[in-house]
Amino acid sequence: MVICNAIIVLLLAFNTLANPILPSSPNATIVGGQKAKAGECPYQISLQSSSHFCGGTILDEYWILTAAHCVNGQTASKLSIRYNSLKHASGGEKLSVAQIYQHEKYDSWTIDNDIALIKLQSPMTLDQKNAKSVQLPSQGSDVKVGDKVRVSGWGYLKEGSYSLPSDMYRVDIDIVAREQCNKLYEEAGATITDNMICGGNVADGGVDSCQGDSGGPVVDVASNQIVGIVSWGYGCARKGYPGVYTRVGSFIDWIDSKRSQ
């Protein structure tokens, strides 16, 4: 998720912001959550260069869904993924990346269209307890206010931390109205587009994704569908600023077109 220490900074009105709004950095974690148990988030992968820097979601044996800002400037030959493990640095299996597909209209300024696909060189072995694909929603589908979604990853456990947990964490959060979220972020100079969804505890804060969780899954608990991708926010779990996620339902046609190539 993009936060104060993220790589991509929206230089929106420097004098009006105490802290800049940023895409979730490649080193974020879950705030206010708990350690994931075996089988709870089997679709989660760790995207790695020399080590973990972003999350991703298993779509099938060859394809991974992640955030565009995670792969911005990256070269496929230097990337790998680890799957089938609750730890980002050990266990499971590592596979090399064959190709990166970043959305053509990704905007690093507004962080709109923050979605990318990764194709692997060799297939994953799925249908294991910690290695399963997730379902995609239909094109144009949207979340509803109050829907419960699960966010997972290896990001920082609190804002300002500089140490990644070795274990995967997860947290369940509620979807916040897009209109309400936009009003909150307008004051900070940012815009919530129709390609974004928001989630968290607006009144009290305390639960959110953070640096290092970027690119990871936001899954509807009831349907087990991937409805969001960890994208950006103002700090981590701050009161009055829910996390912002890519709305996957806006991009199903794009996903299908890339996977059919």
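Cβ atoms are placed via backbone N, Cα and C, with glycine included.
Annotation source Swiss-Prot lists signal peptide at 1-18, citing sequence analysis.
Per-residue confidence over the domain 'Peptidase S1' (30-260) averages out at a pLDDT of 90. Per Swiss-Prot, domain 'Peptidase S1' is recorded for 30-260.
Taken from Swiss-Prot, the feature disulfide bond applies to Cys54-Cys70 (among others), supported by sequence analysis. Its own atom aside, the Cβ of Cys70 (disulfide bond) has 29 Cβ atoms within 10 angstroms in the protein chains shown.
Annotation comment: Swiss-Prot describes His69 (among others) as active site, charge relay system. The Cβ neighbour count for His69 (active site, charge relay system), using a 10 Å radius and every protein chain shown, is 31.
According to Swiss-Prot, the active site, charge relay system annotation covers Asp114 (among others).
Summarising the annotation, Swiss-Prot assigns disulfide bond to Cys181-Cys198 (among others). The local packing around Cys198 (disulfide bond), expressed as other Cβ atoms within 10 Å of its Cβ over all shown chains, amounts to 28.
Look at Swiss-Prot and you will find Cys210-Cys236 (among others) tagged as disulfide bond, backed by sequence analysis.
According to DSSP, Ser214 (active site, charge relay system) is assigned to coil rather than to any helix or strand. According to Swiss-Prot, the feature active site, charge relay system maps to Ser214 (among others), an assignment based on similarity to another entry.
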Within 10 angstroms of Cys54 (disulfide bond), Cα basis - recorded positions out of Asp114, Cys181, Cys198, Ser214:
Ser214
Pop the Cα-Cα gap between Asp114 (active site, charge relay system) and His69 (active site, charge relay system) into the table, whole Å please.
6
Of Cys70, Cys181, Cys198, which disulfide-bonded residues are close to Ser214 (active site, charge relay system), meaning a Cα within 10 Å of its Cα?
Cys70
Set of same-chain residues at least 6 away whose C-beta sits under 8 angstroms from Cys181 (disulfide bond):
Ile192, Met196, Cys198, Pro242, Val244
I'd like the Cβ neighbour count for Ser214 (active site, charge relay system), meaning other Cβ atoms within 10 Å of its Cβ, all protein chains included.
35
